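Features of the protein shown, as given by TrEMBL:
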type: BINDING; residues: N14, N75, G85, N86, N166, N199, E217, R218, G227, T228; note: substrate binding site
type: ACT_SITE; residues: C84; note: active site, proton donor
type: ACT_SITE; residues: C84; note: active site
type: ACT_SITE; residues: C226; note: active site, proton acceptor
Amino acid sequence: MTRIPFTKGHGTQNDFVLVPDHDGTLDLSVDDVAFLCDRRAGIGGDGMIRVVRTAAVPEVAALAGEVEWFMDYRNADGSLAEMCGNGTRVFAEYLRSRGLVASEQFAIATRAGVKEMVAVPHGWAVELGQWRLAREEEAERRGMDSVVQVHGSPDPLPALSLDLGNPHTVVALPPSVHLGSLELHEAPHVDPHPEHGSNVEFVHAIEHAHISMRVHERGSGETRSCGTGAAAAAIATWWWGGKPEGQLDWKVDVLGGTLGVHIKGDEVALSGPAQLVADGEVDLPQR
Ligand SMILES: N[C@@H](CCC[C@H](N)C(=O)O)C(=O)O
């Protein structure tokens with residue numbers, strides 16, 4: 001039996017099990033991660049974050065001179081993800097509160113590159129960096145590049161695919177479709193099927209630079225928030241609106257709260273709260 005320490009945290013109720021493994025000695029299998037994220041049999045979370053030094057992880061060890069800590073993010077089903085916007089803030093809160101970083105501004109390593117974190121009132125802001133349209137030519141021509149079919153809904157909905165380090169497909173819901181009425185227990189079907197899957201965001205405009213969304217996350221199912229998803233949703237809505245210069249600071253309402261998105265041309269930043277709620281130890285099941 002292996003007993004490991006953990007911390008539970010969330011950002012706008014996108015919740016994570018953080019596992020400290022500073023020197024990279026833990027070998028967590030896909031089943032271990034799925035167990036930790038299991039809300040009935042395990043601790044419960046939308047994802048797991050292993051807190052490990054960059055120097056201890058071959059895939060990012062080259063960054064060790066520049067950045068000390070690597071956010072090793074896994075989805076609830078144990079799959080790897082390149083990035084997690086809400087996770088970066090919870091990770092930063094963990095590093096700061098445990099004295100693992102000395103200041104309130106520092107960089108962290110992720111599979112989608114190095115991200116700059118800075119403490120802001122009531123949370124953290126992260127420079128997510130460059131975003132891009134996944135199929136620019138088609139998007140520019142038609143305004144959309146794919147369709148999304150929601151389980152139980154009659155018609156496929158036009159959508160736009162974006163890359164924020166991880167993949168997103170954003171649907172602007174027609175006003176006649178209530179956000180709350182969508183059946184998101186099953187993964188929405190995206191056509192054409194993205195090679196590595198996609199997170200899917202459904203968006204309603206509320207007012208000037210203010211939207212609400214629901215999200216179905218790749219590898220986790222419907223969650224109460226997704227930071228990179230909120231950024232993708234704001235960017236898509238801004239892009240559909242003709243990229244107005246006066247609309248660079250966006251508010252994105254999610255089921256678990258509100259996130260801030262700042263669009264700076266082809267770069268984007270995200271801000272919001274981060275809370276650590278419990279510490280404990282857990283026994284990994286023997287396999
Ligand atoms: N909730 C995250 C995104 C987590 C990864 C995602 N499910 C994926 O597979 O890309 C966020 O806050 O960005």
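Any Cβ shown, glycine's included, is placed from N, Cα and C.
What TrEMBL says about a protein is an automatic prediction, not a curated fact.
Each of the binding-site residues N14, N166 was ranked by the number of other C-beta atoms within 10 Å, and first place falls to N14. Within the same chain, the residues at least 6 positions away from C84 (active site, proton donor) whose Cβ sits under 8 Å from its Cβ are N14, F16, G47, I49, M71, Y73, T110, N166, G227, T228, listed in sequence order. A simple way to gauge crowding: the CB of G227 (substrate binding site) has 28 other CB atoms within 10 angstroms, across all the protein chains here. Note: the substrate site is recorded as N14, N75, G85, N86, N166, N199, E217, R218, G227, T228; in the same chain, G47, A81, M83, C84, G87, V215, S220, T223, C226, G229 also have Cβ atoms within 8 Å of that site's Cβ centroid.
Around C226 (active site, proton acceptor), the C-beta neighbours below 8 angstroms that are at least 6 residues distant in the chain are N14, G85, N86, N199, E201, V215, E217, V254.
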